[in-house]
């Protein structure tokens with residue numbers, strides 16, 4: 001566990017949020033509950049959209065993919081965390097740690113890119129409604145989704161391959177809930193300047209550029225809404241993008257809590273913020289998108305009634 005460079009049988013210890021048995025039991029049931037709610041919520045969103053032809057539109061197409069991404073995201077981290085909370089052996093292999101890091105980085109990037117595409121969808125729908133059908137054609141939607149997946153896969157590969165160059169010495173205890181980029185870089189005893197430089201450069205491309213695009217999209221959306229004469233129509237139009245705006249705010253708010261700080265100040269206190277973006281955000285997304293969405297309410301109702309209709 002100590003000294004030297006990593007090898008195929010090297011391990012890290014995922015200590016998690018607490019080493020106190022009583023607290024670990026509470027954390028186990030809390031995370032298990034959140035995981036089940038997240039899985040059920042996102043699966044219901046995907047099934048409802050897939051089974052209801054009225055929801056076969058670009059907005060719901062991207063929403064289904066966002067739910068699928070969140071489903072993969074929590075499955076990458078929470079099951080291992082639950083096992084560690086119930087087990088005395090908290091080890092994760094070097095290969096397993098890199099695999100977890102790859103999917104974590106890729107899926108966070110994919111979440112972000114899909115949110116940016118959804119902002120573009122809302123911009124076209126509100127600012128150019130007459131051209132919406134042609135501007136958001138099925139081919140373009142598939143192309144945009146392919147670009148999102150390709151960029152996120154490339155982003156994950158770049159950082160995972162760079163991490164293989166890093167040497168780890170001394171303690172390999174990770175006081176965190178999963179193998180996270182900043183935590184691993186803090187454990188390194190080799191030069192990580194390249195990792196930092198690439199992290200900043202790619203982070204600006206994958207996160208700040210889409211964020212800037214979303215801000216500009218909403219500036220144009222708000223300008224278009226303000227030109228609507230009727231107050232009721234203004235509210236109705238804004239309500240079509242309110243859920244997306246809430247999810248974007250939650251996503252970037254929790255990410256900023258963790259990552260908008262120097263690497264040397266990154267500490268255990270950031271675990272709470274990490275839980276927010278890694279567990280709470282994927283759990284809340286289905287509720288946010290279905291809370292005041294009549295179309296989604298109707299689709300979920302019809303989906304849940306089907307088993308009872310078949311039985312009768």
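Positions of Cβ are set from backbone N, Cα and C atoms, glycine also.
Among the features that TrEMBL reports, transmembrane segment is placed at 26-48 (among others). Residues 16-18, 55, 63-64, 67-68, 70-71, 74-75, 78-79, 81-82, 85-86, 279-280, 282-283, 285-287, 289-290, 296, 299-300, 302-303 of the same chain, all 6+ positions outside the transmembrane segment (26-48), place their C-beta atoms under 8 angstroms from a C-beta of that stretch.
Confidence for the domain 'G-protein coupled receptors family 1 profile' (41-289), expressed as mean pLDDT, is 87. Annotation comment: TrEMBL describes 41-289 as domain 'G-protein coupled receptors family 1 profile'.
Feature annotation from TrEMBL assigns transmembrane segment to 60-79 (among others).
For the transmembrane segment (99-120), same-chain residues at least 6 beyond its ends with a Cβ under 8 Å from one of its own Cβ atoms are 59, 62-63, 65-66, 69-70, 72-73, 76-77, 80, 92, 144-145, 147-149, 151-153, 155-157, 159-160, 163, 178-181, 184, 206-207, 210-211, 213-214, 217-218, 244, 247-248, 251, 255, 277. What TrEMBL records for 99-120 (among others) is transmembrane segment.
Proximity of distant same-chain residues to the transmembrane segment (140-158), defined by a Cβ-Cβ separation under 8 Å and at least 6 residues beyond the stretch ends, is recorded for 58, 61-62, 65, 102-103, 105-107, 109-110, 113-114, 117, 120, 198, 202, 206. Feature annotation from TrEMBL assigns transmembrane segment to 140-158 (among others).
Positions annotated as transmembrane segment by TrEMBL: 200-226 (among others). With a cut-off of 8 Å between Cβ atoms, the residues of this chain six or more beyond the transmembrane segment (200-226) that come close are 109, 112-113, 115-116, 119-120, 122-123, 126-127, 151-152, 155, 158-159, 234, 237-238, 241, 245, 248, 252, 255, 259.
Distant neighbours of the transmembrane segment (238-260): 66, 108, 111-112, 115, 118-119, 122, 125-126, 182, 203, 207, 211, 214, 218, 221, 225, 270, 273-274, 276-277, 280-281, 284-285, 288-289, 291-293; these residues of the same chain sit at least 6 beyond its ends, with a Cβ under 8 Å from one of its Cβ atoms. Residues annotated as transmembrane segment in TrEMBL: 238-260 (among others).
The transmembrane segment annotation in TrEMBL covers 272-291 (among others).
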